[in-house]
Amino acid sequence: MPLTYPRLITWCIALLLMVPIVVGLISTILPAFHYFPPLNEQQLSFAPWVELFSQGEFYASLKLTLITGIGAPIVSLWLAFSLLAWGYQRPFFRKIEALLSPILAIPHAAIAIGLLFLLSPSGWLIRLFSPWLTGFDRPPNWISVQDPYGLSLLLALTVKEMPYLLFVMLATMKSIKAQESLEVGQALGYSRLTLWRKVLIPQLYPLVRLPIFIVVAFSLTVVDLALVIGPNTPSTLAVTLLRWFNDPDFSMRFMASAGAVFLMLCVLLVIVGWELSHLLTRHLTRSGRSNGKRKGITDNLLRLGAGVGVLTLLSGFVALLLLPIWSLTRRWRFPDSLPSQWTWSNLDRAAPLLLELTTNTLVIALFSTLFACAVSLIMLETKRHSLASRHQTTNNHLFDWLIYVPILLPQVGFLFDLHVLLIYLNLNGDLSAIIALHFMYVLPYVYLTLKSPYLAFNEGYLQQANRLCYRPWRNYLHIKIAMLKPALLTAFAIGFSVSIAQYLPTLIAGEGRYSTLTTEAVAQAASGDRKQVGSMAMLQALFPILVFWFAQFIPSRWTRWRLAIQKWRI
Amino acid sequence: MLVVKNFCLSLNEKRLIQQVNFRIDKGHVLSLMGPSGIGKSSLLHFLSGTLHHSLTATGEVFLDGNPIHDKPTPLRKVGLLQQMPLLFPHMSILENLLFAISGDLKPVERLQTAQQALEKLGIPDKANALPDELSGGQQARVALLRTLLSKPDYLLLDEPFSKLDPALRRDVRAFVLAEIRQANIPALLVTHDTDDAKAMQGDCLELESSPSFSTST
């Protein structure tokens, strides 16, 4: 991109990214100390904290948050490592790899709703074994979802996070020369799983550290998933805070803000604790790695993890299949394992609503993602400039850490206080405000997906093009962008699915004036109208899958199609 | 005619090339040889106006008596051919050739010019093929013709034969020389291979890293 002032542009974009973060942070922290000018409260005090720590609900919620927020990343990481160690480069593992990207693309609310359909007392799993095995003629009185320990939430988090970690790990396998290490180690007589334990996992961990932190932050702060499948009364801390923020009594806001600051500290502390326990584990296992034993009992931990991992993936997949089944169901009595009567009328009846929700969802996703793609391209171009001009070999560019801040900060709290800014700007409830907030969460993923292919592009092509025919902007589009089409479309697909999955940004910026498939599906998940909820969740899952499929299918065929059409025209 | 006077190159105060002078007549190829790292490619970059700013170069370049060393790259009308043919992989061979032909011509004339080039290459049937369907030798030839179709005033060749297998090299060399003679422009070839230099039937300039070059001044 023939940019004229790359440094100036770098700073402008950095400022653009920093303003909402700083404003959001400051306006979360100040109310936590009882400073909130809109309510005429300007006396700094610790009262909100005292109030927060005197709430019994706070401690119960915090306990649940810590169980699910620490448990889910640990289980996800264990399962991801196990599956990889067990299946890497085996033929049938490729099929599992192919299943990963649809599960990744699907909004987590849709997966949670599908799991609800699968695991609830009247869910498909019990129907499958009733009455012939269990003897149930009616749904049992169990609490298998929304259980008070948060186990179903933990499972839902794992179903969503494990494929993500696996996906990230698969992408880094080349850089640690896994294949070669396995060959060398097996020639020395080591068993496959032991090699993973002693050689590959220790190399892999530092490379996937950042995605793990993202997963930890997500698990501790997630709202929509916890609303659908998490425990209530008490619920997780993020959901409790959401309720306090939404309380008609505005003075609850102070305590809620203090809670939001506490949640932020929680994320920080858990990540620090995670790193410390990693150091400890590394220290403890260090001598074991070179003890020369070719096999070990701990190998079984990986073997078990692989089995559980396959089950988890499978349950995620079945959960997804249940969404379209429910949306087409007319009559489905309890112990039957499939509906006895099918119909289009659920979709038909809900068509006006679904159409409106779908339009909102797609408009928001399209604009926020296109905008994010454009900004990512400009950011990467300035990064390329600075890499080329300064002989820099380190990757410590301003954007590379700034970009992670929005994903690591808890949405609840941060967004509510950004909402105050929107009110000042008179943008509250406006479609542009929703798109702007979505953009903030889409941008990091688009930027990170696009980064390595963009920086790896051979500039020689563009330079040669400009020597042959000097039209810098045209050549940038027709040569560089056209050659980066596959990466751009993948980044677009990822951004698109991130936008479709957003719950709180839509809810807070839209003030209920704009609903999307996600906000409506989450709101109605508890209603028990499975046919309608199923339809929404199905549509919610459908669009990301379609876009992902296009992104995979089109670029490899584009040039052939274009040439075929042109030949036909001549 | 391309004339280079008093060319010096240094990296971080360390002199790499000292006082090089040469001239190349139209339709002739000057071969430039020397050990790796001495700055042969940097001389090409200096001539094309794309020298990396960590390097400092001084000297004058004249094309047909006009100084060009102060001009920015787009105004120099320079053709550069590298090891990689750099054919655009998402464009057909015909489109790759058309890309280089001036837009001032009528569309029909542009198409005719490109088709003549394809016939000269002996692959008129490959017009709609993609670059990766061609052999390495064919790609190298297409790349040369594409560069010449942009009507450069002088041509720089940066080891364009090194990636080809030996059997092909002789044919491609002869093709390149014939085309340069026909285009009647001065060309500078950087190479490691003495056979390349011989095949170009022109002068050969050998850069040596003598101790006096490597001492800093």
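Cβ atoms here come from the backbone N, Cα and C positions, even for glycine.
Automatic, uncurated: that is what TrEMBL annotation is.
What TrEMBL records for this protein:
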DOMAIN    A:58-273  domain 'ABC transmembrane type-1'
DOMAIN    A:358-551  domain 'ABC transmembrane type-1'
TRANSMEM  A:12-36  transmembrane segment
TRANSMEM  A:64-86  transmembrane segment
TRANSMEM  A:98-119  transmembrane segment
TRANSMEM  A:149-171  transmembrane segment
TRANSMEM  A:207-230  transmembrane segment
TRANSMEM  A:250-280  transmembrane segment
TRANSMEM  A:301-326  transmembrane segment
TRANSMEM  A:362-380  transmembrane segment
TRANSMEM  A:401-425  transmembrane segment
TRANSMEM  A:431-450  transmembrane segment
TRANSMEM  A:481-504  transmembrane segment
TRANSMEM  A:537-554  transmembrane segment
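As a quick check, the transmembrane segment (A:362-380) and the transmembrane segment (A:207-230) miss the bar of 3 or more Cβ pairs under 8 A, pairs 6 or more apart, so the two do not touch.
Using the rule of three or more Cβ pairs under 8 Å, pairs at least 6 apart in sequence, the transmembrane segment (A:401-425) is not in contact with the transmembrane segment (A:98-119). Most Cβ pairs under 8 A with the transmembrane segment (A:207-230) among the ranges A:12-36, A:149-171, A:250-280, A:481-504, A:537-554 are made by A:149-171. Among A:98-119, A:149-171, A:250-280, A:301-326, A:481-504, A:149-171 has the largest number of CB pairs under 8 A with the transmembrane segment (A:64-86). The recorded stretches the transmembrane segment (A:301-326) and the transmembrane segment (A:481-504) do not share 3+ CB pairs below 8 A when only pairs 6 or more apart in sequence are counted, and are therefore not in contact. Counting same-chain residues at least six beyond the ends of the transmembrane segment (A:98-119), those with a Cβ under 8 angstroms from any Cβ of the stretch are 125, 144-145, 152, 155-156, 159-160, 163-164, 166-167, 170, 222, 224-225, 228-229, 313, 315-323, 326, 493-494, 497, 500-501, 503, 518, 521-522, 525, 530, 533-534, 537-538, 540-541, 544-545, 547-548, 552.
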